[in-house]
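Worksheet: one structure, shown below.
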Amino acid sequence: MPGRAGVARFCLLALALQLHWPLAACEPGWTTRGSQEGSPPLQHELIIPQWRTSESPGRGKHPLRAELRVMAEGRELILDLEKNEHLFAPAYTETCYTASGNPQTSTLKSEDHCFYHGTVRDVDESSVTLSTCRGIRGLIIVRSNLSYIIEPVPNSDSQHRIYRSEHLTLPPGNCGFEHSGPTSKDWALQFTHQTKKQPRRMKREDLHSMKYVELYLVADYAEFQKNRHDQDATKRKLMEIANYVDKFYRSLNIRIALVGLEVWTHGDKCEVSENPYSTLWSFLSWRRKLLAQKSHDNAQLITGRSFQGTTIGLAPLMAMCSVYQSGGVSMDHSENAIGVASTVAHEIGHNFGMSHDSAHCCSASAADGGCIMAAATGHPFPKVFSWCNRKELDRYLQTGGGMCLSNMPDTRTLYGGRRCGNGYLEDGEECDCGEEEECKNPCCNASNCTLKEGAECAHGSCCHQCKLVAPGTQCREQVRQCDLPEFCTGKSPHCPTNYYQMDGTPCEGGQAYCYNGMCLTYQEQCQQLWGPGARPALDLCFERVNAAGDTYGNCGKGLNGQYRKCSPRDAKCGKIQCQSTQARPLESNAVSIDTTITLNGRRIHCRGTHVYRGPEEEEGEGDMLDPGLVMTGTKCGHNHICFEGQCRNTSFFETEGCGKKCNGHGVCNNNKNCHCFPGWSPPFCNTPGDGGSVDSGPLPPKSVGPVIAGVFSALFVLAVLVLLCHCYRQSHKLGKPSALPFKLRHQFSCPFRVSQSGGTGHANPTFKLQTPQGKRKVTNTPESLRKPSHPPPRPPPDYLRVESPPAPLPAHLNRAAGSSPEAGARIERKESARRPPPSRPMPPAPNCLLSQDFSRPRPPQKALPANPVPGQRTGPRSGGTSLLQPPTSGPQPPRPPAVPVPKLPEYRSQRVGAIISSKI
């Protein structure tokens, strides 16, 4: 019967499948995996990767470079791998706890590690991130829309499964930070394009342009339990997370170095609960105590607990390097380390000042996971930063944030073993410029990593042309006013660690305080939100708006996740209130919250900012540190600063106590050491010296060259002033003509004179005679010697009059006299007549005259009386030129014949002209 035949065929088919199943599990091929209800079955392929190295990883030694061949969808992929030698800092430690709660800290048991970065051979813009500790785990990005996950099969020594990354399921979740997520496309193209620009190995020369984060990872007790109480498995997962995060941030020119790892094997060391806010602040408080024992830049907690709501991570904004807030918490929501790594990278991004991506920022589609800084994450995981993140990071660094990121770990004891030619300076090496075929350093022998003959150094910003630069040479400039410059010591080729002024140090002329290397003001924050021209609103706006305790006016969220009302004392630490003429804030998904307050009949406008979130986020979820809040570290009053939504006294920074030991001649840096002003010597700035600190290196010694130059300049100016004073006093002596012979008077005349006519200072100015017309005799002089002169106190004596053609009056004098332009025209004359010898003895002091021709009188400083000399009178000459006339009555003295004035040497004329020209 047809029915029985159908049943028989079904049974035979089922039997065949049962017989075939073991073979399918042992041979390469596609199989199905369980999937969520309503989704198609997910497939993975069973493979056995093939190593092409002298020794296979996992047998005691992991090679520095390796070639791995895997099959994926019928295609062989050749992976070129290189060990991530910068993943672990030299000071890396591991800490666990005994049952009694005592910490047990150890260093690495082996110099070998098993974490790699690489590419797919012959595939442009590809990227590989793997670990080979126990089997092969990691991510293989082939092209823009094709990437694979590879992981070992449980209880198998060689088999692995490989599947497309979109088949990795992650629970949906979001960050507590208030923002909305974008959608776009081609995430892998952007990600691999960014990673391609980075060198395959990070060379010593590149360290100076890199930012370096010393990361401390902590797994709480719930995470330890989630890994079946296996301490080694928990540590391996955290190491994998760090390896992925390092790969993500390399595209931003940032390296992540794991400086410490801690597993809470016997209970939590801080309060960890389902509340992400209380967990965050409890962990940050615990971290402050850790800093005294273990130096690091940033700490992240990985918890096995599930946070309430949809929050999977939380972190403060713009807090990188902060003693109080540089850290975050992330929930372990995936069995695969890459899912958790995306969340950790997201929270570190908030510490870097990155907000959630707005629309059109991310070029990765939601179907491919979107971008790392999206507000919500889920299926699949994000892997790339957006271009908006780059801009926000640059802006954060330019404002002085991330000061600790230049403090790169000493690479002389890198975790991973020593090898000449790996590009890292290690113990026993004088230099390392990479392989011989790629070394371009003229100071280093690539074959044996030694310095060439005569070379003192080969690497570092304090090494120039193979020589150490002089002590005091600046090697790192001061970025902003809260930063401090660093100087070479003359003993090391490397620039000292980057230091900045201690938190709580006044800046902006006392209008703000330094915090985390930044000088934060309300004005600057308003301009960041609204653009140029924005300014903070009146204090009344802060008090009225933030007293509401709602979405639009609050002092952040409390430990229960609810908005807090601001007390009048804390009002200026809540939502920032600004005044701006702009229609809306600069943030693409932000809206303006406008409030109008009436005070004594005056309308006051207050403008706040609210970042719009999607409907799924608006319901109860959000971060207390949204962009519309006043930033931590902003001055809210005298000796008060905003901290955690409260206006607190700055005494907890201990700045005043530290500053006292600097004796008023320096400031404290973030290492609590004095940075002395020039002229004072560290460590306490109480003795003369060049300045600087024990941390930042010495300031350059004062050079004697500028001092000598200054002394000579002062002496020259003094000599000029004395000469001018002498000439001035001589020119104001009344009725004392010189008794020197005529030739000597030529030699001792003043080489130049400053005009008192208020002219333009030109070398040959037109003089403004301050004497009424008809009161002065004006004679002409050779053109090369016509210079300004001081007016004498009285008319010239008779012996200075000569019979010669009259000189024209200056144009402005002719205009004042009402004469015609022709009357003031210049009359060229080649030579003037010699003056008659004096009829009486001359005074002993020489008269200081500008010109060596004494036929022209000196104009007086003030107007002469109507009849300056009794018995004389004046009358106009033809052509409008006024000449002083002798008395009309009485006998006239005989006049000697006119004798030509000898022509002066040419060099004298040039010298006079040069001196006066220098006064223009």
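From the backbone N, Cα and C atoms, a Cβ is placed for every residue, glycine too.
Quick caveat, the model's predicted, so the values are computed rather than measured.
Swiss-Prot lists 1-26 with the feature signal peptide, giving sequence analysis as the kind of evidence.
Secondary structure of the motif 'Cysteine switch' (131-138), assigned with DSSP and counted as helix (H, G, I), strand (E, B) and coil, comes to 0 helix, 3 strand, 5 coil. Sequence annotations record features per position, and here Swiss-Prot assigns motif 'Cysteine switch' to 131-138 based on similarity to another entry.
If you look up Swiss-Prot, you'll see Asn145 (among others) marked as N-linked glycosylation site, on the strength of sequence analysis.
Positions annotated as active site by Swiss-Prot: Glu347. Around Glu347 (active site), taking its Cβ as the centre, 25 other Cβ atoms fall within 10 Å, counting all chains.
For Asn445 (N-linked glycosylation site), the same-chain residues that are 6 or more apart in sequence and have a Cβ closer than 8 Å to its Cβ are Cys431, Leu451, Lys452. The annotation N-linked glycosylation site is assigned in Swiss-Prot to Asn445 (among others) on the grounds of sequence analysis.
Long-range C-beta contacts of Asn448 (N-linked glycosylation site), restricted to its own chain and to partners at least six residues apart, with a cutoff below 8 Å, comprise Cys420. Residues annotated as N-linked glycosylation site in Swiss-Prot: Asn448 (among others).
Annotation comment: Swiss-Prot describes Asn649 (among others) as N-linked glycosylation site. With a 10 A radius on its CB, Asn649 (N-linked glycosylation site) counts 13 other CB atoms from all the protein chains. Under the DSSP three-state reduction, Asn649 (N-linked glycosylation site) is assigned to strand.
The region 'Disordered' annotation in Swiss-Prot covers 755-920.
Annotation comment: Swiss-Prot describes 767-783 as compositional bias 'Polar residues'.
Marked as compositional bias 'Basic and acidic residues' by Swiss-Prot: 825-834.
Residues annotated as motif 'SH3-binding' in Swiss-Prot: 835-846.
Here the C-alpha separation of Asn649 (N-linked glycosylation site) and Glu347 (active site) works out to 29 Å. In the three-state DSSP scheme, Asn448 (N-linked glycosylation site) falls into the coil class. Mean model confidence of the motif 'Cysteine switch' (131-138) amounts to 88 (pLDDT, 0 to 100 scale). Sequence-distant contacts of the motif 'Cysteine switch' (131-138) (same chain, at least 6 residues past either end, Cβ-Cβ under 8 Å): 49, 57-58, 62, 68, 114-116, 149-152, 160, 236, 239-240, 243, 336-338. Here the Cα atom of Asn145 (N-linked glycosylation site) is found 26 Å from that of Glu347 (active site).
Cβ neighbour count for Asn145 (N-linked glycosylation site): 15 (other Cβ atoms within 10 Å of its Cβ, all protein chains included).
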